[in-house]
Amino acid sequence: MTQQLIIFDTTLRDGEQSLQASLSTKKKLKIAFALERLGIDIIEVGFPVSSPGDFSSTCTIARNIKNSKICGLARCVYRDIDVAAEAMKSAESFRIHIFLGTSYLHVASKLRKTFNEIIEMAVCSIKRARKYTDDVEFSCEDAGRTNLDNLCRIVEIAINAGATTINIPDTVGYTIPSQFQSIIFSLYKKVPNIDKAIISVHCHNDLGMAVANSISAIQAGARQIEGTINGIGERAGNTALEEVIMAIKVRKDIFQLYTNIKYKEIFRTSKIISEICNMPIPSNKAIVGSNAFSHSSGIHQDGVLKNRKNYEIIVPETIGLKPITLNLTSRSGRAAVKHYMSEMGYKENVDYNLNDLYSTFLKFADKKGQVFDYDLEILAFFNSEIDSFEYFKLKDFNVKSNLDGISCLLIKLMCGSQLRTEMETTKKGLMYTIHKVLNKITSINIIIKNFHILVEENNLSTVVKVNVEVRYNNRSFYGVGTSLDIIESSIRAIIYVLNSIWKIQQVNIKLKQHL
Ligand code: KIV
Ligand code: ZN
């Protein structure tokens, strides 16, 4: 029979601790709603005694979250426990999570106590928390470096005192999977009342082993995993929950466990958290990285188009992504070019010749690097004569902006052979104003989706590279602008996109003429 693996998310507590600035209640609530939609069993929302802000965000989240259990952190201090209970009192159900250092280092040099005093503190605190709720978690902080006999002793006593979940954190990410697994096995073997509590693990990623350690603990019997979405957290972060969740699903032949997670929400949740926390996701990050499901080499692209299972162990739609992403670069083969053309509704030999298009594509890809579906469309109908052609060319610009957010911008733009000049003054910041002036000149109405600035310094100058992603007619277009000036780079990046859109408009005109 399959058992449940409880998913405990601490993005709003351990994750938030690691951010440059703490999150507003509004942002925390947005994350909490995303985690609830994802199907997280327990959301650790904060450390209520730590600041008035944490207290009030815990109260707000407790009032609003209905389908996940809310949890608040407390030290083994009565006031912490009382404040945590007060902050969560309006929740449907809540857990108090108490932690106390148990390793020799923490006991002697941080807490300056004896181990017997530690045990006394744990017992009194667990009993205090049980007055407010029958769901109490006790964490043996730095368990990964705690003497095993001491760990077994405190776990047994904590369960007798009323703890219903015992958490074994590898607080400093020091253990390796076989060692961490043997700690969990030992607890099951040596603690007589272990079956009265759920064993949880909470691993940090200092040696890059948080997920591997969590998985090894599951195999030894742990039934709650703590972590964060995208793996954010103190120092090198916590266990990336999305990785554990998908490992359990993909390898159910090994684990025979289930979770309450709604897999289709994984990607959206990860994106929301990355944006709100201002923590970009590396493109090669497992499960949620932008490259995690895209295929680059010609052999892989051909293989995946014949049978996705050749190179995909997870169907991207499972986590809420669109099916098959093939990177169009000079390493791509004919199969990828044909795939994109057919996705756009074009038939080989009827609308285009694959060999001709492929050889133009290769030359273009060598020059440009990454190619997009609309580039293929342009190449198929205009061949290489159009690739370097720029209908819109920046002639000049003039800008004034001030601290009130007022910006006044004039742009002179060549549109074919005609010079057009427009000016705008807005109170909405410079990006908006650039967008507005270019829209006035070109009448192309785009929506800016992403905007990235990269500054490259060398000993002679500072070059600013701006990358933009825009939506136009339900399609994504990408542009880049480079110069020594950030405003010029921004204007150029958008003009780059407008030129691609103009070319697509020419393709459409040509297609209509042939109808
Ligand atoms: O890493 C840790 O030990 C913690 C505890 C509070 C569980 O975050
Ligand atoms: Zn932690």
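Indices start at 1 and increase along the chain as displayed.
Just so you know, glycine gets a Cβ as well, placed from its N, Cα and C.
Taken from TrEMBL as is:
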BINDING   Asp14, His202, His204, Asn238  Mn(2+) binding site
DOMAIN    5-267  domain 'Pyruvate carboxyltransferase'
REGION    393-515  region 'Regulatory domain'
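Counting other Cβ atoms within 10 Å of each Cβ, the lowest count among the binding-site residues His202, His204 belongs to His204. Screening the binding-site residues Asp14, His202, Asn238 for a C-beta under 6 A from any atom of ligand 1 leaves Asp14, His202. Looking only at the region 'Regulatory domain' (393-515), the predicted model's pLDDT averages out at 92. DSSP assigns Asn238 (Mn(2+) binding site) to a strand in the three-state reduction. Taking every protein chain shown into account, Asp14, Asn238 are the binding-site residues, and of these the Cβ with the most other Cβ atoms within 10 Å belongs to Asn238.
Those same-chain residues not listed among Asp14, His202, His204, Asn238 yet with C-beta within 8 angstroms of the centroid of the Mn(2+) site C-beta atoms are Thr10, Pro169, Thr171, Cys203, Asn205, Ala210, Glu226, Gly227, Thr228, Gly233, Glu234, Gly237, Thr239. The region 'Regulatory domain' (393-515): residue composition by secondary structure is 42 helix, 58 strand, 23 coil, according to DSSP.
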